[in-house]
Ligand SMILES: Nc1ncnc2c1ncn2[C@@H]1O[C@H](COP(=O)(O)OP(=O)(O)OP(=O)(O)O)[C@@H](O)[C@H]1O
């Protein structure tokens with residue numbers, strides 16, 4: 001048994017990137033939600049434009065699909081500056097980064113996605129570049145090696161990470177502004193959906209948007225993806241208008257339930273409740289029981305189930321909460337939440 005994850009995965013599909021590009025807001029005032037980040041950022045950018053200087057370096061942290069790349073593009077657009085895009089895993093050696101830094105033009109925005117995955121030597125080169133707009137190029141090897149300082153054009157670094165905690169403090173400290181991106185609430189996702197529906201020429205009444213938003217796991221990328229599936233369904237089976245009934249029927253067909261859980265999420269919950277009486281049960285046992293790798297269960301299904309308050313991670317294993325029983329319409333055994341099962345379990349695993 002294996003599970004199709006595409007529909008509610010926060011990561012982009014291979015062929016999704018060009019579609020995403022078409023739906024990306026281009027300016028800050030088109031960017032929906034994240035009100036605090038938007039306001040803070042607009043101040044940082046406006047004062048930089050007034051002073052005619054590049055703004056401080058910007059770090060964005062938050063889960064996949066929440067709009068970090070979009071915001072990096074917006075920063076460059078608002079500054080009227082060119083944008084260079086790379087990613088942490090592409091910067092394996094200091095030379096990879098030196099090649100980019102030494103060819104930046106004045107005021108250019110350098111976007112490094114997944115900045116926490118950059119190799120150590122590149123990271124150390126970046127410290128100096130961020131602070132003094134300088135790189136030290138090492139020539140030769142061993143005792144005879146010399147380092148030649150090279151001035152680079154003042155630039156703005158925009159770093160994105162899904163794991164801010166993994167960034168070393170010296171790197172984190174060199175960012176003048178950190179934007180924490182949160183999950184979106186339902187009404188913000190509805191606005192994202194209405195905007196995308198307009199761009200895709202899809203008829204989307206209020207209740208249709210509401211139905212898709214509540215199943216989108218707080219993530220614009222997932223909302224846009226579900227909208228495309230629902231649009232296909234409505235074009236083939238209805239008149240092309242996404243009513244609540246159509247949205248609901250389409251998403252039920254694709255096995256995304258009313259809270260955004262998909263087949264794997266429900267399989268994990270089902271096994272935890274039906275086979276293990278609500279736990280505690282170890283991750284690998286749970287994974288074997290649903291026929292998946294432990295990593296898939298841990299990385300793909302679990303974070304959302306925990307965020308929804310359906311399961312809890314405890315030192316003795318995974319435990320279902322009362323909401324999990326209610327979600328699957330099952331009755332918990334009489335002792336499910338007794339002291340014997342839960343005592344001392346909720347110190348985070
Ligand atoms: N605030 C928003 N308003 C409208 N659309 C948004 C917003 N945030 C994200 N989107 C849409 O969601 C999609 C994914 O956004 P984006 O690629 O910026 O996410 P990300 O955080 O960079 O993801 P990753 O970490 O996987 O690179 C894009 O198509 C974008 O148009």
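For all residues, glycine too, the Cβ spot is worked out from N, Cα and C.
As the structure is a computational prediction, the values presented were derived from the model and not from experiment.
Some features that TrEMBL has for this protein:
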BINDING   23, 24, 65, 68, 69, 70, 131, 132, 133, 174, 184, 221  ATP binding site
BINDING   69  Mg(2+) binding site
BINDING   313, 318  DNA binding site
DOMAIN    54-185  domain 'AAA+ ATPase'
REGION    185-255  region 'Small ATPAse domain (RuvB-S)'
REGION    258-349  region 'Head domain (RuvB-H)'
Cβ-based isolation winner (fewest other Cβ atoms within 10 Å) among the binding-site residues 65, 69: 69
Entries of 23, 133, 184, 313 (binding-site residues) sitting next to ligand 1, with Cβ under 6 Å as the cut-off: 23
Residue 133 (ATP binding site) to residue 313 (DNA binding site) - Cα separation in whole Å: 45
Integer average pLDDT (0 to 100) for the domain 'AAA+ ATPase' (54-185): 91
Largest CA-to-CA spread of ATP binders 23, 24, 65, 68, 69, 70, 131, 132, 133, 174, 184, 221, angstrom: 37
Residues that sit under 8 angstroms from residue 131 (ATP binding site) by C-beta distance, when 6+ apart in the chain: 174
Neighbour count (Cβ, 10 Å) for residue 133 (ATP binding site): 16
Distance, residue 313 (DNA binding site) to residue 69 (ATP binding site) (CA atoms, angstrom): 31
Residues satisfying Cβ distance under 8 Å from residue 318 (DNA binding site), sequence separation of at least 6: 272, 279, 280, 281, 282, 283, 286, 302, 311, 312
Per-residue Cβ crowding (10 Å cut-off), top of binding-site residues 23, 184, 313: 184
